[in-house]
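Engineer: The structure under discussion is supplied below as structure tokens; questions concerning it will follow.
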Amino acid sequence: MHLKTLTVRGFKSFASATTFEFEPGVTAVVGPNGSGKSNVVDALSWVMGEQGAKTLRGGKMEDVIFAGTSGRPPLGRAHVSLTIDNTDGQLPIDYAEVTISRTLFRAGGSEYAINGSSCRLLDIQELLSDSGLGREMHVIVGQGQLDRILHATAEDRRGFIEEAAGVLKHRRRKEKTLRKLQAMQGNMDRLEDLNSEVRRQLAPLGRQAKIARRAQTVQLDVRDARARLLADDLVSLNNKLAQDISDESKIQAQQQDVASRLERVRRQVSELSERSEILTPRLALMQETWVALTTQAERFRSLTALARERGKLLESNQTHFDSSRDPERLEAQAERLSEELEELVEAVEDRHEILAEAIEAKEQAEEQSRAEQQRMAAMLRAAADRREGMSRLASQVASARSRVDVTRAEISRLRDNVQSFDADLAADARSHESVSTELDEQLAGEHQLNNLFEKAEASFTRLAEEQNRDSRRQQELSVRISGLRARLDALKLNSKPDDRSAQLLERSPDVLAGRLGELLTVTEGYEQAVAAILRDCAEHLVAGRSADAIALVRQLADDQSANASFVHADVPMASTPDLGELAIAARDIVSSADEFSNLLDNIFAHHYVVTDFDAAQQIFEAHPEAKLTTFEGMTFSRLCSSIGDSAGASLIAQQALVEQTSAELGQAQEELAQLEIELARRAPVLSDAEHARDEALRQLAESDAAIEELSNYLARLGHKLRSAQSEKKSLQSRLDAAIEKLEIEQESYEEISERMDMASTDSEDEPVDEATRAALADAAAAARQQELEARLALRSSEERVTALRSRVEGLRRTAAAERTHREVALNRAAERKAQAAKAQRVEQASERVLRFIELSLTMAGQQRDELSVRKSELEELLASNRTEAEQLAAELSRLADAVHRDGILRAELRIKIENLETKSLEELGYTPDHLIANFGPDQLIPETSDPDDKWAELRVNVDEDGNAVGTKPFDRAEQEKRLKKAERDLAALGKVNPLALEEFAALEERHKFLAGQLEDLKKSRGDLQQIIKDVDSHVERVFTEAYNDTAVQFKRIFDRLFPGGEGQLVLTDPENMLTTGIEVEARPAGKKIKRLSLLSGGERSLTAVALLVAIFKARPSPFYVMDEVEAALDDVNLGRLITIFEELRESSQLIVITHQKKTMEVADALYGVTMRGDGVSTVISQKMDRSAS
């Protein structure tokens, strides 16, 4: 198994598709610095699943995508595919060649594939892990990898060996399984809590089930006792009837008169029964209405309470701010520190002036001291030169002249190079200025796009707020309309007329015009007064002619239950005197059709409406014939006075409420319709505004991307310009050094020439003044000390300025952040306040609707009670008539002779029998035959059992079909006692939950299910823990073998790389092979140290290489990739490492990034990577002929 081909496209500097074809052996990748050699190693790591951006020498993962150059635009994706030769089947896949590929899009998406089929990153890592290639990628030694190995912890070094041994994936799976076990423990805890809760509920529900079971038994006893008593009555009557039928000779006399009376009473009973049947559905309807209104009232009470609690909760959440983080105080503090900063800056400037003066004084003192020393040295050298002779000075003069010439030539060459760099810098500066101009234009456009986006955002926000406000208003109107409809329905239901009156109106539409209260139109505000005047007349039926009304009364005369009142429209006109401003005539505040004008004149004759009681008393004293009514409904007349409500008042008030509620409902519905039209009209406008905002945001994002691209390009140009400037500065420094050297050489040349001149003179030696020289030296030292103190003071002031400036900037940033935080908090508080106001409005609306419902509920209850009273009266009358019928029947039987009495008795017996049979069918659901056959007095009675006795069923005698068999005879007294006892027991049980038995069975079944599931989870957890123990045992065994082999190989490799040295691997915790780390001890020959940090750079790199090679040899991998691992090695150590490379080549494939010639010489193939001016890496390859060497 080896790497066959690597295809790179759009990855880092490889913009175009580039393919590397690798052969077994050693492949060297060479090229100048920055050409992209290491990008080949990054591509191999990346395609094999590397996820760390820093490992790939980037800040984020999208940095691997080609970013573009001055001549080529950036690409949108990076794609790398790697083909592995798998002819030996080392990879667990049935293919001779395996191609893995990875694609990263700039938008952030990634794609992975194996042989062209999409897969997951985990699939690629698992595939490679089986061949010793894990996520740590120890076979790929990139730049800085040796340093990472050296600084790795003991646990990290253990990971390298685990990965090579192929057990790292087992450890990862074990860790993942342990995390799942922890999550499973949480689920088990919750399941145990749930099981405990179910177990806790079983006890009370079991008691309810026990009571329900007891109730079933008691109810069966009640039913059985009633059936047996009824069967006994029925058998007794049947026997008596049979005995009466046997006597045929009865006399029929004096029967006709009593029979006719009996027939009439029975007709009355029938009519009363019909009237009772008519009232029954009305009473049921009113009961349903009362129940429905009760339900609605409870719903709105709940809604009101919920709204009230929500409002309190929202109002309780107040926003508080930390006074110590007030933005104004922070900014004020920043301003104070800014003033201190300005003072410090001025002090720094003063320190600069003091330092400049100290430097100038130091230079003067040093110059004087140096001049004096040179003069003294010249005098001493002149004396020595005269002693040494002229020949030696001549040779020194020639040598100095030669050095001066060489330095001048170097200065000329450096000046030419500086001029060349100046031309390049000018070109780069022009490019930088052009890109800066373009970036400024783009930033100007960015400002316009920002303004456009802000306007679009403001427009969308305004429309959205209006839409939300109207939506909330729509919801409020919907709630109000629902409440008004419920109130209107209740009012209409309560204002329904009496069914008897309605029947009269339906039966005589030509005679009756309607109820008086329904035909009136009352001026608003006077409803209560008109209702008090009309009283019960409001319910009276209006007849067009008095003759028709009298005819209707005659028709109803025979009906004892008839109840109707009529007013006649054909009455003569009546007039009411005008009392002026003292009172308002009641006739003036009501109106109706013209045909009822005279009727209203008569009804409201001499009726007046006054404001209050005092006004009524004053007018009544002046006009005693007047009938006065106040707005509140108090009435005064010569005959009587009254206060209080009446049926007429109820009807007119209800009609006024119905009209008012209908008007409010219509207004609310109209407003809701207009609001829905406005919402529908604004919806497309809001959608367009949202689209405009999204479009502006998209343009702004594109502009941001363009600005980022230009900024990155400008940064690269700036970096290039700074690099060129740095290089130029380096050349300039060398030029300045050369010029300074020339000055020194020239000075030396002139000095030697002067010495020669002085030596050639025969003047006598001048005396040397040591005191003057010492004084000048002391003055120079003092000047240097003053300069040092000035520099230290300046440095201290500058550091204080820097710290204070950082403090000011930090305070201002904190103030801005706190201001933003407070704005957000205030916005949230305003939103909570709006929600609290909305909850208050909902509460108020609910309370209003609730008041209407409660009013309707009261009225419905009153009407229900009235109907109930009327029905009770009818039932009492019906019972009285029935009693009379029975008495007449008895009288008829007494008047008849014996035969007729027997016939009457037989009829009575038959009636009783029929009643009993009807009772049997209605109460028990048994036919008479079935009742006598199964519950007659001749049937034996089964023994009753205690329901708490769980063995009772086994003691009951049963037949072949499993039915209970009786064991004792019928005793009526005993059965009556049994019935009373069962009824007492049933009453003692109280309220019984009929579903308790089913709920208890379901809950018990759920408890069993949860207990079983919990046991299964515990068993599964135990199985997983056992598997983890097996995995730990396997990992420990494999790791121990791999570590032992690696330790042996490390010692051998270290002996070869460090002849005479000692190196070994040491376990940090030998007693625990599952968690122990690995330390490296290395002692080169001639040294006593063992710590890696004390070794030289080359020794540390060679030690790291020794560790990697030991792992490679202990657990060989199909290939290894090394990036400049021999860069820090000298020729001797490089030769040793190359020898090991040649050994590794025998079993594995090596890909080496190198600059070393010796490494290239042992390679089987060379790949050259270069980068032209366009910033794109290109590759050339050459296969080496090793046979020639």
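Positions of Cβ are set from backbone N, Cα and C atoms, glycine also.
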Engineer: Between the candidate ranges 580-628, 972-1020, 1070-1118, 1119-1167, where does TrEMBL place the coiled coil annotation?
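Structural biologist: Of the candidate stretches, TrEMBL labels 972-1020 as coiled coil.
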Engineer: Given the binding-site residues GLY34, GLY36, and counting only Cβ atoms in the protein chains shown, which has the most within 10 Å of its Cβ?
Structural biologist: GLY36
Engineer: Count the other Cβ atoms sitting within 10 Å of the Cβ of ASN33 (ATP binding site), across every protein chain shown.
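Structural biologist: Here the count is 8.
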Engineer: Counting all other Cβ atoms within 10 Å across every protein chain shown, which of the binding-site residues SER35, SER38 scores highest?
Structural biologist: SER38
Engineer: Which listed range (174-201, 327-417, 651-755, 972-1020) shows the maximal number of Cβ pairs under 8 Å with respect to the coiled coil (794-898)?
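Structural biologist: Between the stretches 174-201, 327-417, 651-755, 972-1020, 327-417 has the largest tally.
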Engineer: To the coiled coil (651-755), which of 174-201, 327-417, 972-1020 is linked by the most Cβ pairs under 8 Å?
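Structural biologist: The stretch with the most contacts is 327-417.
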Engineer: In DSSP terms, helix, strand or coil for ASN39 (ATP binding site)?
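Structural biologist: Reduced to three states, the DSSP call for ASN39 (ATP binding site) is helix.
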Engineer: Just counting, how many other CB atoms are there within 10 A of the CB of PRO32 (ATP binding site)?
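Structural biologist: Step by step: centre on the Cβ of PRO32 (ATP binding site), count other Cβ atoms within 10 Å, giving 12.
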Engineer: Taking the coiled coil (327-417) alone, what is its mean pLDDT?
Structural biologist: 75
Engineer: Compile a sequence-ordered list of residues in the same chain as ASN39 (ATP binding site), six or more apart from it, whose Cβ lies below 8 A from its Cβ; state 'none' when nothing qualifies.
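Structural biologist: Correct list: VAL8, PHE11, LYS12, SER13, PHE14, SER1177.
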Engineer: Let me spell it out: take the coiled coil (174-201), skip the flanking residues so only those 6+ beyond its ends count, and list any with a Cβ under 8 Å from a Cβ in it.
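Structural biologist: For the coiled coil (174-201), the far contacts come to 1003, 1006-1007, 1010-1011, 1013-1014, 1017-1018, 1020-1021, 1024-1025, 1027-1028, 1031-1032, 1035.
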